[in-house]
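Okay, structure first, notes after.
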Amino acid sequence: MAPLRSLLLLSLAAFLFTSCRTDPDPLQDFCVADFQTGITIDGFPCKPASNVVSDDFFFGGLAVAGNTNNMFGSNITAGNVQSFPGLNTLGLSINRGDFAPGGVNPLHSHPRASEIVFVVKGELLVGFISTANVFYSKVLKAGESFIIPRGLVHFQYNTGKENAVAITAFDSQLPGVVLAPLTLFGSKPAIPIDVLTKTFQVDASVIQLLMSKFGQATSPYN
């Protein structure tokens, strides 16, 4: 019986782990986010059903091209629960990425979601690095897709001569984003320079230069 009991416990643990990988399942038809309550929970409180309107389930932000006139040459329009309240508790969200030629969505990760990238126009080099330090990538053309596993560092880069557009979908209402250059060299307060010089094995002057570039940088995410 001991081996059977161990197997059952392992199976239960695996089931619980799997069920907690993404946002929890909803317990009602919908739970439109109510941002007015001031209550902080893991997610957002539900607006009373009597106050819900059709526009709560509508988001037109992806129809508008983003402004790529920034240091990265890209713009990410986020269609998550904060701009699209009908997504609350549904465990999904969607972004639009606009890329000028040579534009990049810089190295970043989404701690709460896996991502699928679908290129609508142009071509993008899309890649991620696994925890085994293996780099996986593909140049995508219009109509092609690529998967980014949850939490792994990745990027999208416009290798073409024209503007590129991509739609990205996530299995979380609020995937979160950790942008490597802004996190490392633009955090508030700043990471101690000694930590960064030892980590990257460079002189303090190099770190100070990077901090001067990214300390006031604007995120391409909107």
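Just so you know, glycine gets a Cβ as well, placed from its N, Cα and C.
What TrEMBL says about a protein is an automatic prediction, not a curated fact.
Feature annotations, courtesy of TrEMBL:
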BINDING   Asn95, Asn105, His110, Glu115  oxalate binding site
BINDING   His108, His110, Glu115, His154  Mn(2+) binding site
DISULFID  Cys31-Cys46  disulfide bond
DOMAIN    60-208  domain 'Cupin type-1'
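This view paints the features noted in TrEMBL onto the structure.
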residue	record	Cβ within 10 Å
Cys31	disulfide bond	21
Cys46	disulfide bond	20
Asn95	oxalate binding site	24
Asn105	oxalate binding site	28
His108	Mn(2+) binding site	21
His110	oxalate binding site	23
Glu115	oxalate binding site	23
His154	Mn(2+) binding site	22
For this session: Give the distance between the Cα atoms of His154 (Mn(2+) binding site) and Cys46 (disulfide bond), rounded to the nearest whole Å.
Result: 33
Exercise. Quick one: which residues besides Asn95, Asn105, His110, Glu115 have a Cβ within 8 Å of the oxalate site's Cβ centroid, in sequence order?
Worked result: Ile76, Gly97, His108, Val117, Ile148, His154, Thr168, Phe170, Pro175, Val177
Exercise. At the level of the C-alpha atoms, what whole-angstrom distance separates Asn95 (oxalate binding site) and His108 (Mn(2+) binding site)?
Worked result: 15
For this session: Starting from the Mn(2+) site formed by His108, His110, Glu115, His154, give every other residue of that chain whose CB sits within 8 Å of the mean position of their CB atoms, in sequence order.
Result: Ser109, Phe128, Ile148, Leu152, Val153, Pro175, Val177
Exercise. Going by C-alpha distance, which of the recorded positions Cys31, Cys46, His108 is nearest to Glu115 (oxalate binding site)?
Worked result: His108
